[in-house]
Amino acid sequence: MKNFLNKKFYIFWLPVILWAGIIFWLSSIPDLESGLKQDFILRKIAHILEFAILTFLLIRAINQENLSIKKTIIFSLIIALFYALSDEYHQTFIGGRQGALRDAGIDSIGILLTGLVWYIKKRNPVPQEVQGGGRQN
């Protein structure tokens, strides 16, 4: 049983912790702005993607706890949103950075889209014949 729990931790929860650490590290880099418009757009896309990935990893990990799909997604969304808010707060302590609720809102786009895609995928699974690349006779 202990070996199973360790394996479960490494496979499902360690990626969540590592990705959250990467987000924290990226938020700790002072003064990332170049002032260019395309830089602004790329940074906002990065916000969406980094929190979409975090949400995916959270859903994947929490899904192993045998909760309903709705509870799994809701818990994941709440945790990811809390982390987005705490990330913005963390940035208020970094020189050349500022925390912005707008950025947490942008993060929530990735969070919500990932939750929605996961929900749709689980509610409408791909039929067996499509998954296997063709019909089984």
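Every residue gets a Cβ built from N, Cα and C, even glycine.
Here is what TrEMBL records for this protein:
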TRANSMEM  9-28  transmembrane segment
DOMAIN    38-120  domain 'VanZ-like'
TRANSMEM  40-60  transmembrane segment
TRANSMEM  67-84  transmembrane segment
TRANSMEM  104-120  transmembrane segment
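Long-range Cβ contacts of the transmembrane segment (104-120) within its own chain (Cβ-Cβ under 8 Å, at least 6 residues beyond either end) map to 44, 47-56, 59, 69-70, 73, 76-77, 80-81, 84-85, 87-88. Averaged across the domain 'VanZ-like' (38-120), pLDDT in this predicted model comes to 94. Per-class residue totals from DSSP over the domain 'VanZ-like' (38-120), listed helix then strand then coil: 71 helix, 0 strand, 12 coil.
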